[in-house]
Amino acid sequence: MSKLYLMSLGCNKNLVDSEIMLGHLSAYELCDEPSKADVLIVNTCGFIDSAKKESINAILDLHEQRKKDSLLVVTGCLMQRYREELMKELPEVDLFTGVGDYERIDEMILKKTNLFSNSTYLQSENSKRIITGSNSHAFIKIAEGCNQKCSFCAIPSFKGKLKSREISSIIAELKDLVARGYKDFSFIAQDTSSYLFDKGEKDGLIRLIDEVEKIKGIRAARILYLYPTSASEALIKRIIASEIFINYFDMPLQHISDNMLKIMKRGANSTRLKEMLNLMKSAPNSFLRTGFIVGHPGESEADFEELCEFVKDFGFDRISVFAYSKEEDTAAFDMEQVPFKVINKRLKIIEKIVDEVIEKSFEKEVGQKRLVVCTGKSSEGEFFIAAKDLRWDREIDGEILINESECGNLEMGQIYECEILQNLDKKLLAKALRKVDAN
């Protein structure tokens, strides 16, 4: 049997695309050593400069490790965005494809031909897919593309306009995954709260929640990548009222200064953002994640200081911060740029603040009883079982280390009630109290 090595870079949306490719390459034996693979695939990210560099380095590194007569295939966002340039500049690569042909990857490899469809691939209920990284959790991609006009973001230029999956397609996929033992789901898209806007429906995500709740066997669900102008008060209240959807609110804000929100074309002012955030925060056991960009053109010291004070005071649970990346095909590309030195200085300042905020979020968990999912052996040592809080998204929100159990041996993928005993530098030490019925 021929061997396959696949490297998936970037976001969880890319991961789903990689899992689709794996589903269509099930005839291959997966291996974790590039030097032994007959086919090597890199699913690239082309979002910001650092991601582009990571993708190029990964391609060149795999070329150095590959064996003679193997096939190196490059796909994904970077390829879609820089197709002509990369095909000229990367003679190391054997086959190229973009973001439209994941279901045809087997055909492409068999025929040894490049494929570039004109439209972005949209998953259906019939898509073959092999879930990786968990036996209980899966990401569910509900749409592709984006209709927003953010000044810094090039995604619409290579992913295209919003294209939503039909609700029936998503429900069919969920039912299949539940039948296979999956019970924890994260719903994703470039802009999840605009789901079905392209079909003229403004409450599409609410209707999807209604339908998901009818499926027996789902233990938890959360929605990522809410957008400030498409996320309504009604949507937030519907999530809060749900017995299946966790009060997990992931809304990348990018800034809080009204001046910067206008320049960045975010569509909502700080008053509107704070109203929504306070509603989210009022929910029982709420968990708030966001992201910010520093150094975007037009950001003054006053804007940056306002952002820092807001980050200090609001009480987010998790925050990602990025230095502004100058990207072609964006409105900000031709604006007067903030000097790199200033951007780096601001990034260091806010990263320190963010670190302290996240530490407080972990610290407040001590003494709480939480539902957690066992995810496997911990890298911290043989005496710990790794787990995640049921509220959290997979991998990005933290790790719980269980080293005591009042309910015998712990099963992977099973839900337990745990008492959080200690915060160990953003990892929580816990004791398992009881097994929780998955139904």
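The backbone N, Cα and C atoms fix where each Cβ goes, glycine too.
Keep in mind that this is a model prediction, so the values were computed, not measured.
Going by what Swiss-Prot states, the [4Fe-4S] cluster 1 site holds Cys11, Cys45, and the candidate of Cys77, Cys146 recorded there is Cys77. For the domain 'MTTase N-terminal' (2-114), the DSSP counts in helix, strand and coil order read 55 helix, 23 strand, 35 coil. Under a cutoff of 8 A between CB atoms, and with a sequence separation of 6+ in the same chain, the neighbours of Cys45 ([4Fe-4S] cluster 1 binding site) are Leu9, Gly10, Cys11, Asn14, Ala51, Lys52, Glu54, Ser55, Gly76, Cys77, Leu78.
Every protein chain considered, the tally of other Cβ atoms within 10 Å of the Cβ of Cys77 ([4Fe-4S] cluster 1 binding site) stands at 28.
Around Cys11 ([4Fe-4S] cluster 1 binding site), taking its Cβ as the centre, 18 other Cβ atoms fall within 10 Å, counting all chains. Counting only residues at least six positions away in the same chain, the Cβ atoms of Cys153, Ile155, Pro156, Lys159, Lys161, Leu162, Gln190, Asp191, Ser194 sit under 8 Å from the Cβ of Cys146 ([4Fe-4S] cluster 2 binding site).
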